[in-house]
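Participant: Please read through the structure below; I'll follow up with questions.
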Amino acid sequence: MLRRLVLALPLLALAYLSVATPLEQREAAPGLIDGLLTGVLSAIEQLIKDVLSGAKSGINNEISSKPLVCLSSLDPCCVWWDVSAALTKEFVQADGQCNDNARAAIRFGFHDAGSWDKDSPNGGADGSLMMDFGEQDRTENNGLQSVRTLLRGIQAKYNVGYADLAQFAHNHATISCPKGPRVRTFVGRKDATKAAPTGLLPDTNDSPDNLIALFERKGFSAHDLAALVGAHASAKQRFVDPSKAGFPLDTTPGVWDVEFYNDTLQDPKDRPNIFVLPSDKALSTHPKISDEWLAFVGNQPHWNEDYAKAYVRMSLNGVTNLKSLTECTKTLPATKQPR
């Protein structure tokens, strides 16, 4: 997600709590998608609105096997069971944890959807980073070339949309990491017709105030930003400090857990084998962020719920054909616990 960071995004720490936390009711932040969700809504639009407002969870644990006869003309999700099976082979390592492909796919989803704000004429979750517009050569996308090639191969094999695949792969990779939430996953987006705007992704040296303002222009609150940054739980860095290339951003990079939030708060001398991004360290103590940051420490269900809610918005940045979308979360694997 952050510029010059390479391998992925997950979050924070201590104990995993099995007790679910109540959904928080909040007004949706401003942004293009909220302007579309007014008046008489279709069922899918109402679902999206309910998730963004906190009336419904951004997590869906419904799981289904592909029917023996599955017609895409009747169920747009049909092909996604096949895509899901293919991604599982690419994202899960022998010990059951998520691998470098998964980390990169998480970051890839952020970078594709994140190149957008409320004033952008185009961009957002439109698949442009996977297409032939040259975005893979931008500095902020260093390290995403290999996963882009992998995903393009899957796109060619199954003939799915670039925009949908970028977000489906992010959500699948999140679940490929043990403890990851099954973020509601929609398909039916329109693919890009040109490159996304530049200058709309965060930088690892940005100040907290700049990051908060950047995400507000995308429709996210400071609370949402605190949750989204947690994707660094499964991340590794390669370019911020080349002398520490491959260092994880928390002590459990193969697991989608809250250890990241705790590790980021510690004295670096006590965590010599992890790398803390300057922007993460600064965010963790910012007055608009710190309370939520601390609330995530040791509270996996709280973070999973908040992350899923925020990422549903991220995955729909710039998407205007909401009525044409279909939820296909049922095609994703089940959330799993570490071995």
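Backbone N, Cα and C atoms are what each Cβ position is placed from, and that goes for glycine too.
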Participant: I want to verify the bond table. Which candidate from C177, C328 sits on the other end of the disulfide that TrEMBL records for C98?
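Facilitator: Recorded partner, per TrEMBL: C177.
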Participant: According to TrEMBL, which residue among C70, C77 is joined to C328 by a disulfide bond?
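Facilitator: That would be C77, the partner TrEMBL lists for C328.
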Participant: Pick out which of the binding-site residues D112, D250, D257 has the most other Cβ atoms within 10 Å of its own Cβ.
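Facilitator: In terms of Cβ crowding, the pick is D112.
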Participant: Which one is it: of the recorded positions R107, H111, H232, which Cβ has the fewest other Cβ atoms within 10 Å in this structure?
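Facilitator: Among the recorded positions R107, H111, H232, the sparsest Cβ neighbourhood within 10 Å belongs to H111.
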Participant: Among the binding-site residues listed here (S128, T252), identify the one with the smallest other-Cβ count within 10 Å.
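Facilitator: Ranked by other Cβ atoms within 10 Å, the binding-site residues S128, T252 bottom out at T252.
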Participant: Work out how many Å separate G124 (Ca(2+) 1 binding site) and T252 (Ca(2+) 2 binding site) at their Cα atoms, rounded off.
Facilitator: 30
